[in-house]
Amino acid sequence: MGDYVTPGEEPQEPGIYRSEQMCLAQLYLQSDASYQCVAELGELGLVQFRDLNPDVSSFQRKYVNEVRRCDEMERKLRFLEREIKKDQIPMLDTGENPDAPLPREMIDLEATFEKLENELREVNKNEETLKKNFSELTELKHILRKTQTFFEEVDHDRWRILEGGGGRSGGSTEEQSPLIDIGDNEDDSMRHFSAQAAMLRLGFVAGVIQRERLPAFERLLWRACRGNVFLRTSEIDDVLNDTVTGDPVNKCVFIIFFQGDQLKTKVKKICEGFRATLYPCPDTPQERREMSIGVMTRIEDLKTVLGQTQDHRHRVLVAASKNVRMWLTKVRKIKSIYHTLNFFNIDVTQKCLIAEVWCPIAELDRIKMALKRGTDESGSQVPSILNRMETHEAPPTYNKTNKFTKGFQNIVDAYGIATYREINPSPYTMISFPFLFAVMFGDMGHGVIMFLAALFFILKEKQLEAARIKDEIFQTFFGGRYVIFLMGVFSIYTGFMYNDIFSKSVNAFGSSWTNSIRHEYIDDVLEKGEKASEAQWMLVPELAYDGNPYPIGVDPVWNLAEGNKLSFLNSMKMKMSVLFGIAQMTFGVLLSYKNFTYFKSDLDVKYMFIPQMIFLSSIFIYLCIQILAKWLFFGSAPGSVLGYTYPGTNCAPSLLIGLINMFMMKSRNAGFVDEEGNIVPQCWLSTWYPGQSFFETIFVLVAIACVPVMLFAKPYYLWKEEKERREGGHRQLATIEIVLVILALVQVPIMLFAKPWLLYQREKKQTRYSTLGGSGGGASTSQSVRADIAQDDAEVVHAPEQTPKPAGHGHGHGDGPLEMGDVMVYQAIHTIEFVLGCVSHTASYLRLWALSLAHAQLSDVLWTMVFRNAFVLDGYAGAVATYILFFIFGSLSVFILVLMEGLSAFLHALRLHWVEFQSKFYGGLGYEFAPFSFERILAEEREAEENL
């Protein structure tokens, strides 16, 4: 890009055309005032801190303990937030932005959060215990109720057995048979004794099990115990909560009778395997009744205690919900401040913190005022110092934006962040992007739909921002609402120029064409029927055209033309696309001149910009002039054009074939008629102004000559400058050699007499003074003092001498000696890219014509195939069909023509700006200015929370 401009020495230009002027500055903050100063800078959001401790790990920095404390506080607040959301309590978010708390307030916040967390955890633990007890008592209540019914049936069977078995009538089913069969051959007393003994030997367990596990539970019991157990189950009508997870589950009460300790052990292991819960169940009805009463009493007491616990928990959460968002904001500000302080270097005295920052030069006064406020609020008596530094490091790129320009700046930045202080394409993109989109999308009806949708987003932007809708597609459209707004406005304009509204035209100013066909012929054709009506009629321009063009836009008569409508619109839109494309490319090359002059690169101006403009003018701007001349001079009426006789429209010059003949330098006829006045063959290929072949040959030769100039001139002059610089160094070396020879000659008498004289003087002194021993002599070493920020002391380190880097030579390819190979490759790439790009980019702009044609044809097909059918039917059927088909037509118009076609046109306009336009002047090799800003940090945290 040429010579580097030192930050702060750039010429003044409005910030919208280039990024803001930046400078590197040092901050000297007293330790006591550093926290408040950084807090004020965070509120301001205009300073980007550099990490002065890149080799120190995060765990060895000075303020790592404070950062950990902030992480712990943030964890506790997230715990509170989860509990609040679990209880569906709305959190108060007023949007207020509290100031960062003082460091001493951090202890109070920690105590508050610790108290809230402990209290809430204790309440949760108590509530969990109470719920578990309540669930267990509820299950026990159902067990006692269900088993009581079962034991009543067993008692009835027992009395029937003891009395002789005459209690029930009917068939001997399994349910009616007693649990233990006592043979009928025993006498009554023996039967009574055996039944009583059998009943006394039966054991049982009771419990609950989940309903879905019951079938497998029954099968395993039967197989493991070989049918020697008796199982009775009953479903619990109420939905219970699981004692472990708390989730609602459906459960069943079961009771298992068995005989012997071995079966008891098996049954309990099976119950444990199926996670069935066993409960104690008394044997006698009286004990079961008393236990049931006790359980009901405990359940009522638990309900009361549980309700009070939940009320207390709810009150704690409601109180916390009013402040949790504000607390989160404060904690995040504290954390960001200490995280930034870890970027600082510490003075040897441990009383001063040193930072390096990038900041806009225009905002230095505000930054100094923020530092002064921070110093005053901290009560420090030592003022904070901001010292500007000189640097050759490339500063970050900072473009000021607002809600209107942000969308267009994002379009530019998506290609690449601008190199520092190069031309910012965003102001020009605000006009050219929606305009090129509208050229491809031009339709007044579709433009109105897009305009109204964007207008709704703009008018309701505050309500929609407050709603925080998380849908990604909605956020895309809402974020680009101003871009869509301008695209809709420009689409209305181009639709008006195309005279196209839902594929129909409007005759607003009266057509310039009249019917030149005789009425008798029309009546005759209509009488002959459909076959005759299929013949195509043509309006001859010499007869039907009145010579006055339609005031603005396309004449509506072309919407009725079936034979040559596409030919006319294709020719017009194709030429228009070429004009727009070459105009934008030329403007891009002109912007490169502004970059070259700004960066003081005379070589780029002389050997890049000027040859590029000559190359572009010789071929492509010349083509644009031909297009305009053809529109202006070659009409339907014959006449004289630039000294040549023009017979009529059949001899209008063919520009495409003429451009090919220009490059081939092919000889052509001069004029459209010969000396006798006869039209020459293929008159559209003739030259149409005097000296055309000569001038076109000159243009081609000049364009070809520009290529080696662009390829070799700049590298040659860079090599020449490098050679002169080296020769200048050799001349200085010759002068130094002469001086050294003179010094060598002077040294001869010194070597002869100096040492004897010094020895004599030393001998003389030794006679007077005692000899001083142990005097050390040595080479001095370079020392520097460095503070160890991991400890509270300083250390002295021996730094090797550093050789300064050689200064740059202004060739724009880095410091050090000129690498001719790299320069040649770099220049060859740019030359080939420009020369071939002029051709390919001009062809690429034909997408404006192609997409405009496709959009118009799709709109016409949708009207013809869908909505026009509603006008064929009459009566009630026609009314119903009109409503239905209009709904279908409107839906397809919105989803296909507005959304899908709009997205396609948007992507093509994006490509035209990124490749065809910005490649002419835009480097995009910078990096974005990322200031320390509380607003940005809080917005990122909020976005991260919403995406979870």
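The backbone N, Cα and C atoms fix where each Cβ goes, glycine too.
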19-37, 646-664, 817-835, 912-930 - the range that TrEMBL marks as transmembrane segment = 646-664
The transmembrane segment (480-498) vs the transmembrane segment (435-459): 3 or more CB pairs under 8 Å | yes
Which residues, given as numbers and ranges, are at least 6 beyond the ends of the transmembrane segment (614-634) yet have a Cβ under 8 Å from it?
-> 575, 578-579, 582-583, 585-586, 589, 641-642, 646, 649, 652-653, 655, 658-659, 688, 696, 699-700, 702-703, 706-707, 710, 834-835, 838, 842
Average pLDDT across the coiled coil (63-140), rounded to a whole number = 89
If you count Cβ pairs under 8 Å, which stretch among 576-593, 646-664, 876-900 touches the transmembrane segment (694-713) the most?
-> 646-664
Candidates 435-459, 576-593, 646-664; stretch with most C-beta pairs under 8 Å toward the transmembrane segment (876-900) | 435-459
Near the transmembrane segment (435-459), which residues from the same chain, at least 6 beyond its ends, have a CB less than 8 A from one of its CBs?
-> 477-478, 481-482, 484-485, 487-498, 500-503, 576-577, 580, 584, 847-848, 851-852, 855-856, 859, 893-894, 897-898, 901-902, 905-906, 908-909, 912-913
State the non-local partners of the transmembrane segment (646-664) in its own chain: residues 6+ outside its ends, Cβ under 8 Å from one of its Cβ atoms.
-> 541, 575, 623, 626-627, 630, 633-640, 672-673, 679, 683-686, 688, 696, 699-700
